[in-house]
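What follows is a single structure, written as C-alpha cells, with notes after it.
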Amino acid sequence: MQVTFLGTSSGVPTLNRNVSAMVLKPPQRSELWLFDCGEGTQHQFIRSNLKLSQIKKIFITHMHGDHIYGLPGLLASIGLAGSSSGIELYGPAPLKNFIDSCLYNSSSRLAYSLKFHRVENAANNKEILFEDSELEVKTAPLKHRIPSFAYRVNQKTRPGRFDIEKAKLKGIPPGPVYADLQRGEEVRLEDGRIFSGKEFCGPPRPGVSMVYCTDTVYTESAIEISRKADLLIHESTYSYKETEMAYERGHSTATMAAQIAAKANVDQLILTHLSPRYTPGNQTCPNDLLNEAKAIFPNTQLAKDFLQIDLNKS
C-alpha cells in the first residue's frame with residue numbers, strides 16, 4: 001500500500017503546498033484511490049508519477065472548497081482522455097448535487113459513469129463502507145463546522161507465503177494447483193493424492209491499515225477509527241498557541257493530532273493540512289508543529305507535497 005501526498009496546505013495553496021489531496025495505491029492493483037481533491041489537484045498529478053486514468057475511487061471528507069474545488073475539472077479531464085471505465089465517489093450528501101451542477105452548468109459530458117455513495121449511514125452506524133476480498137473501508141463522523149468524515153482503509157489478512165520448493169519435493173507439479181494451495185485450500189491430484197494448502201504456507205500475514213482524518217477538532221471518534229492503525233494521517237492546522245482558534249474553527253493543533261495518535265496506539269503519525277501562516281521564516285514554522293507533536297508522539301512526520309510513504313509488514 002502506497003500513499004502519495006498531492007496537497008498539504010489548509011484553506012489556500014502556498015508556493016510549496018497545494019490544498020488537500022492524497023492518493024492511495026492499493027497493493028497489487030493498477031488503480032488509485034483519491035482522498036479529497038482541492039483546486040489544482042490534476043496539476044499535481046501531472047507533476048507526479050501518478051496517472052489520472054487509474055483513479056477508480058474518490059473519497060471526499062467534507063464539502064469545504066479546499067477539499068473539493070479541483071474535483072469537477074479533474075473529472076472532466078478524465079472524460080476528455082476517454083480512458084476511464086467508471087469512478088465511484090464517496091462523500092457527504094451534497095457531493096452529488098455539487099458535481100451534477102458543475103457538469104450541467106459547464107455543459108460537460110462524461111464518457112464514463114459516476115456512482116455516488118453517501119457515507120452518513122455507514123459513519124453513524126459504524127458499518128463497512130466498502131469491502132472486497134482484499135480491502136475494506138470504514139468511515140466515522142468528525143467534529144468540524146460542517147459534516148466531515150474520516151476514512152480508514154484496512155488490508156485484510158493474507159495467506160502465509162507459499163513454499164514452492166516444499167511443494168516440488170512432494171512431487172506436486174507446478175500450475176494452477178499452486179494458487180489453490182496458496183489460498184490454503186485442499187487439492188486432489190490426478191494420482192489421487194490429497195494435500196492441504198496449510199502444509200505449504202507460512203503463518204497468515206496481517207494486512208496494513210491507513211486512516212485519513214481531516215477536518216476536525218479533537219474528538220473521540222477520531223481515536224476510535226484510528227485504533228492500532230499502521231498510519232494515521234491527521235490534520236494539523238494550528239500550533240498549540242492557537243488552541244482557542246482551533247476550537248472556534250473546528251480544526252486540530254499538532255498537539256491534538258499527537259494526542260489522538262497516542263491514545264489510538266497507531267504506529268506512525270503524519271501531519272497534514274498546515275495553515276499557510278506557518279511558512280519557513282515566520283515566527284512559527286512547520287518544524288515547530290512537528291516538534292510539538294513529537295514531544296507527545298515521537299514517530300511523527302510532516303507531510304509535504306509529493307511525499308510518498310510505503311506501508312508494508314514483514
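Residue positions begin at 1 at the first shown residue.
In case you wondered, yes, glycine gets a Cβ from its N, Cα and C as well.
According to Swiss-Prot, the active site, proton acceptor annotation covers Asp66, on the basis of sequence analysis. For Asp66 (active site, proton acceptor), the same-chain residues lying six or more positions away in sequence with a CB closer than 8 A to its CB are Ser9, Ser10, Gly11, Val12, Val19, Ser20, Gly38, Glu39.
In this structure, His144 (Zn(2+) 1 binding site) belongs to neither helix nor strand by DSSP; it is coil. Long-range Cβ contacts of His144 (Zn(2+) 1 binding site) within its own chain (separation 6+, distance under 8 Å): His62, Asp215, Thr216, Val217, Gly250, His251. Feature annotation from Swiss-Prot assigns Zn(2+) 1 binding site to His62, His64, His144, Asp215; the stated evidence is sequence analysis.
Long-range C-beta contacts of His273 (Zn(2+) 2 binding site), restricted to its own chain and to partners at least six residues apart, with a cutoff below 8 Å, comprise Thr8, Ser9, Ser10, Ser20, Thr214, Asp215, Glu235, Ser236, Thr237, His251. Following the DSSP three-state reduction, the secondary structure of His273 (Zn(2+) 2 binding site) is coil. The feature Zn(2+) 2 binding site is assigned by Swiss-Prot to Asp66, His67, Asp215, His273, with sequence analysis given as support.
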His62 (Zn(2+) 1 binding site) has how many other Cβ neighbours within 10 Å of its own Cβ?
24
Near His64 (Zn(2+) 1 binding site), which residues of its chain come within a Cβ-Cβ distance under 8 Å, counting only those 6 or more away in sequence?
Ile146, Asp215
Zn(2+) 2 site, defined by Asp66, His67, Asp215, His273: further same-chain residues with Cβ within 8 Å of the Cβ centre:
Ser10, Gly11, Val19, Ser20, Asp36, Gly38, Thr61, His62, His64, Thr214, Glu235
Please classify the secondary structure at His62 (Zn(2+) 1 binding site) using three-state DSSP.
coil
Setting His62, His64, His144, Asp215 aside, what same-chain residues sit with their Cβ within 8 Å of the center of the Cβ atoms that define the Zn(2+) 1 site, listed in sequence order?
Thr61, Met63, His67, Leu142, Arg145, Ile146, Ser148, Thr214, Thr216, Gly250
For His67 (Zn(2+) 2 binding site), which residues of its chain lie six or more apart in sequence with Cβ-Cβ distance below 8 Å?
Val19, Ser20, Asp36, Cys37, Gly38, Ile60, Thr61, Thr214, Asp215
